[in-house]
Amino acid sequence: MGCCGSSEQKQREWKPLEDRSCTDIPWLIIFALFCIGMACIAGFSISTGAASRLISGYDSYGNTCGQKNSKIEGVELSGRDQTDNKYVFFLDPCNIDILNRKIKSMALCVSRCPDIELKTYTDVKKFALQNGSELCSYDIPVSKYPSHGERSKKCPKLPVPPSNSLPVFHRCTPVDISCYAQFAEAFVTFVSDNSMLHRVIAGVMASKEIIMGLCVLALVLSIILMVVIRYISVVLVWILTALVVLGSIGGTGVLWWLYVDHRTNLTDQTGTSPTPQQQVATDNVQALLVYAIFATVFTVILLLLLFFMRKRVALTITLFHVAGKVFTHLPLLALQPFWTFLSLMLFWVSWLGVLLFLGTAGSPVQSEEAGLVEYRISGPLQYMVWYHAVGLIWISQFILACQQMTVAGAVVTYYFTRNKSELPMTPIVSSMLCLTRYHLGTVAKGSFIITLVEIPRLILTYIHNQLKGKENACARCMLKSCICCLWCLKKCLMYLNQNAYTATAINSTSFCTSARDAFVILVENALRVATINTVGDFVLFLGKVLIVSCTAFVGVLSLNYQRDYTVWVLPLLIVCLFSWLVAHCFLSVFEIVVDVLFLCFAVDTKHNDGSPGREFYMDKALMEFVENSKNMAGRDRPEADGDGAEMKSMTHGGGTFA
């Protein structure tokens with residue numbers, strides 16, 4: 001059995017929801033073994049002591065704080081008993097290496113973080129004598145703090161700011177955030193002084209209730225829009241069409257008017273001796289003529305496309321209308337973004353924790369410059385990190401694919417159930433159970449294909465970023481081209497995967513068979529697909545803009561009582577970003593529903609014609625669209641010939657899918 005070619009059948013028989021069987025079991029086994037490998041890496045990183053080093057922290061001599069330690073060969077101050085010293089103290093906590101994302105400072109294990117400012121080494125000595133917390137290196141006696149010759153290297157930088165320990169992670173961190181001014185400047189370049197930063201942060205804290213309320217408003221608006229978009233989609237589509245037509249005609253007219261005006265002025269100047277200004281004017285007239293001709297050709301082509309694709313625009317509107325009805329019958333669809341986001345966040349947090357554990361699970365290495373100890377990954381651990389990185393991509397794509405498969409299964413059940421009263425009580429839950437029982441292997445295989453494209457794209461992106469500022473511009477250009485090609489390939493595969501999941505939900509076939517069948521259907525309806533993806537995506541984009549605009553408008557009204565307008569920036573920015581994210585998550589589910597409905601509609605019209613025994617499954621709105629298409633085909637046969645995919649008789653069995 002090949003992936004995309006088989007000879008066991010000459011024609012695909014679509015039997016929606018009739019036969020259900022397990023698909024792609026080998027891939028489910030491979031994915032399960034891969035996940036077991038991820039679990040083994042997590043267990044290894046925790047069992048080797050990396051977890052204790054990450055949580056408790058370690059000093060610059062390799063000693064883990066809060067416990068007894070073994071001697072490290074070649075490091076004199078290692079192997080100390082740090083049971084009473086539970087906190088990590090950095091001698092210069094403000095010395096941050098932004099590029100390598102770490103603090104460039106010696107670290108020590110101390111029994112207490114300094115809670116007051118220490119201005120002199122005498123103050124450091126008094127603090128050590130009173131609290132038993134030695135803030136200088138272990139090889140310097142407390143009595144020698146003020147006079148030791150290496151105090152500038154092995155004692156904290158003065159003045160020592162007051163600090164508190166982080167919860168769970170026992171690190172002493174300065175109380176005053178101005179300590180990290182250099183770090184903040186790397187991210188907030190528009191802040192010229194600390195007063196502006198403090199005012200903006202104060203504005204966010206003072207407006208936190210308003211921000212939370214506006215985020216909830218964006219959530220509510222997104223849910224409402226998914227339900228009512230079926231009523232406003234007609235208006236949005238035709239407004240879009242009118243704006244495109246008027247814009248193209250108006251732009252073409254302006255270009256011709258400018259051409260005539262410049263040509264008239266140039267004719268009036270003929271008879272005089274030619275000047276450089278006249279030569280420039282002549283070039284401008286010729287350029288305007290080229291622009292006007294190009295705009296005219298573009299406008300004519302656009303108008304012809306709109307004329308011949310008007311029925312497909314009507315199909316897009318009808319699909320939006322039916323998608324809105326789907327959400328009224330399947331309200332739990334609106335919760336899908338919540339479960340997906342929650343699953344991704346739980347996985348990402350656990351993945352990041354294991355990665356941090358791996359980062360401290362390496363072997364202790366003493367640096368040649370300062371003689372300090374760091375734990376570096378080497379040997380087999382490097383392969384574990386790469387394996388772990390692949391797991392991030394594959395499992396993330398697997399979770400997203402599970403959402404697509406769940407939505408597809410629920411919508412397919414809705415579409416191919418003639419009597420809606422016979423729908424399961426919770427089609428979403430039924431679809432999730434069906435996915436878990438039958439199709440996890442298909443989802444694993446589809447997500448792995450995306451992973452195969454995503455990994456080289458990320459590697460090339462990293463190499464491209466490393467080449468920034470280098471002289472090899474040609475190599476950077478080639479890398480950028482490869483990255484763009486891989487990105488386009490990923491988008492195409494993701495769209496094909498989504499339709500393959502829908503075909504699997506309909507016919508319970510394996511991934512490759514479903515992808516082949518879906519591809520054939522999409523090719524036969526290529527113009528419809530193009531119309532839905534262009535017009536539909538733009539309508540959904542307008543919906544996102546509408547939600548963000550409404551949320552921002554309410555935010556301006558809510559923040560109006562704060563007359564210091566400079567503090568509006570960050571709260572409104574947070575609200576707008578969150579509202580866009582929420583709108584994108586919800587409307588992406590709506591987009592999946594529209595795509596699933598279209599594939600179901602294409603399969604329905606391909607294999608049924610409404611005659612006895614071959615009745616349509618589709619909704620009444622789609623039925624009216626089909627009837628109108630047939631009536632128009634009867635009145636205008638030449639046009640029907642040019643739109644055979646839409647007007648031809650539905651009684652044929654279709655092409656072969658083998």
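Cβ coordinates are placed from backbone N, Cα and C, and glycine is handled just like the others.
In TrEMBL, the region 'Disordered' annotation falls on 632-658 of the listed ranges 146-172, 632-658. Transmembrane segment is the annotation TrEMBL gives to one range among 314-334, 440-460, and that range is 314-334.
Remark: the transmembrane segment (235-259) contacts the transmembrane segment (538-559), by the rule of 3 or more CB pairs under 8 A. Same-chain residues lying 6+ beyond the ends of the transmembrane segment (288-308) with a Cβ under 8 Å from its Cβ atoms: 241, 244-245, 248-249, 251-252, 255-256, 258-259, 262, 639, 642-643. Within the same chain, the transmembrane segment (538-559) packs against the transmembrane segment (210-229): three or more Cβ pairs sit under 8 Å, each pair at least 6 residues apart. Distant neighbours of the transmembrane segment (210-229): 204, 320, 323-324, 327-328, 334, 539, 543, 546-548, 550-551, 554-555, 558-559, 571, 574-575, 578-579, 582-583, 585-587, 589-590; these residues of the same chain sit at least 6 beyond its ends, with a Cβ under 8 Å from one of its Cβ atoms.
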